[in-house]
Amino acid sequence: MTTTTDTTAEALTDGSVDLLRFATAGSVDDGKSTLIGRLLFDSKTIFEDQLDSVEKVSQDRGNDYTDLALLTDGLRAEREQGITIDVAYRYFTTPKRKFIIADTPGHIQYTRNMVTGASTADVALILVDARKGVIEQSRRHTFLATLLGVPHIVVCVNKMDLVDYSEEVFENIRREFTEFASRLRVPDLTFIPISALVGDNVVNRSENTPWYDGSPLLSHLERLHVASDRNLVDVRFPVQYVIRPQSHDARDYRGYAGTVASGVMKAGDRVVALPAGLETTIESIDTADGPVEEAYPPMSVTVRLADEIDISRGDMIARPNNKPAALQEIDAQICWMDESAPLVKGKKYAIKHTSRWARAMVKDINYRVDVNTLHRDEEATEIRLNEIGRIQLRVTVPLFVDPYTQNRQTGSFILVDEATNKTVAAGMVGGLPRSA
Amino acid sequence: MTSHVLSQLRSLEAESIHIIREVVAEMQRPVLLFSGGKDSIVMLHLAAKAFAPARIPFPIMHVDTGLNFQTVLDCRDRWVERLGIQLVVASVPDAIDRGLVQEEPNGSRNRIQTPVLLEAMEKNGFDAAFGGGRRDEEKARAKERVFSFRDDFGQWDPKNQRPEIWSLYNGRVHQGESIRVFPLSNWTELDIWSYIAAEDIDLPDLYLAQEREVVDRGGMLFAVNEFTPLKDGETSEVRSVRYRTVGDANLTAAVASEAATLHEIVEEIAAVRITERGATRGDDKVSEAAMEDRKREGYF
């Protein structure tokens, strides 16, 4: 069993542990909370006082077993209703990796939470109840995960204990799911037969599934190669903040602070600053611990340039022969997240893309997607809460974008309602027009 | 050739720096809430890194309950001096004298900190406040956003939170509203200690084990001092203890430990089976939803 031990302590401080973010999805009773409880429990991440509290509440409610789901439902309303109402983040660490779990609710009315959780995930875990097979929600969650560009999908066929660990049941689900997924962009799809309640193939290999020759879930997650999912080709450095010390010793210092969105930058590289379009050379890449030779995502660094160019927050540094498109007309898929008003044609919103704010007007709604059937309704005149659609935006200034499928950082944006200040949409830049 | 994979500690560090810079770039008047504990100190260390070689471009604020360990105040003052940063103190004893808040019967000043904090935020016009809260600490915190919107009264509404997608944070607020920002959201207690050890960060010596005079109250070990004197009939003993959290001196208990160096602490925390708050904070045990309720009132 993988445990949090001295090996972890060493690995954590010597830097050999990396980070993997995954999002869970599944419908209400598929056992998602139980699976997370099981991962935390079997990796010894649950603490005794937390377990005591869960045991006490389980007893108070008259349950005859300890409800591990209670570990993850943190809010009063959730415990009262016995459901998860909002995305929550959980953590556990093994000697190989630290895991951040975005635990997203399964109800259809919480599509926006699934989108939130999947936006930063390397892996999506889709839970399927072995007794029910591939249902509408399995399809919806998979569609959302692929829409958000999650590179790895793991289908956990759960409750195998309730179908006598039948290989045939598992194979049927695998076949049906694979066929459905072939219509989507799924770069990596894995199936694991599990029982979250009993613990089959979650952390430990199960003896109940001798026909299954793959890894248990945790080993799979520990071994998954995610480094190559990052875009290390296209240099994109959105300028976040200009550092100009007002102190005697560093009076002439002028650095552009930001987080590398993609690509690998090196001192001496020829770069272009957008929108000015002026070319210069990277003089050095600084951090508080001194200069570094290279910067790659998701490093937060400060870049100094050889020439004095007027650059401010919202500008973008790229390579002269590899620039993002500068677009004012943007074609995008959006997920609408505002319960009080739908997205309608002609309305104006604030838009945030990388470190740049602008204003945007909805020029057109091309279609609304039915997330269950993938049917496109081209007659749609509005997009309501938890709906996905394709729209055309006109932005007040050009944004430096890449298609979302090539770059999750420069291909994404949010829309904010200027009256309420609420974040109302998550947007993903579509294929670019030929002229761009 | 390098692998271009950041270790998890460096990824967390980069993410926190990104968040801190985002706040400074977008908010009018941010402040960092500093309690003197390990999480506040890590935040301050990260803020210093985010703007180097310039100074941290915002003040820090200490809501002083008047019940601090002296060594914590000393450590605070060392950091202020070293970073050349402005310190704002919002005093709870002063607020009691002015009648803004009243001492609670149980002696805890935890709840009455909130009005003092909110008053100081308003008086100074702070529209963003960094807090050291981590999602692994408590169930209600696990649900909170990195940019946590607070209304005119500083209240958190868990059902009305702004979705946080990718790393595109929305800090837009109307007059009087504010954002609580948690750059350490994705860190765990073990990450904090691993980072403190890796960076050799200056902390109050309370965190390191040493022989201290303690009294056992219902399994919790309290150091005997002016804030927690021995009561009639109690006996004290000298034991090797350290603190896992540092709150008010009258409420924070120590844990039995031999870990006297940062690396020993990392090893101890990696193997420990009880949460820091469960081990040392009497005030969090009030009810199943104590933290959620306090946050709704404007606490962190």
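Cβ coordinates come from backbone N, Cα and C, glycine included.
The domain 'Tr-type G' annotation in TrEMBL covers A:17-230. TrEMBL lists A:26-33, A:103-107, A:158-161 with the feature GTP binding site.
A:LYS32 (GTP binding site) falls within a helix when secondary structure is assigned with DSSP. Classification of A:MET160 (GTP binding site) by DSSP places it within a helix. Other Cβ atoms within 10 Å of the Cβ of A:THR104 (GTP binding site), summed over all protein chains shown, number 28. The average per-residue pLDDT of the prediction over the domain 'Tr-type G' (A:17-230) is 85, rounded to a whole number.
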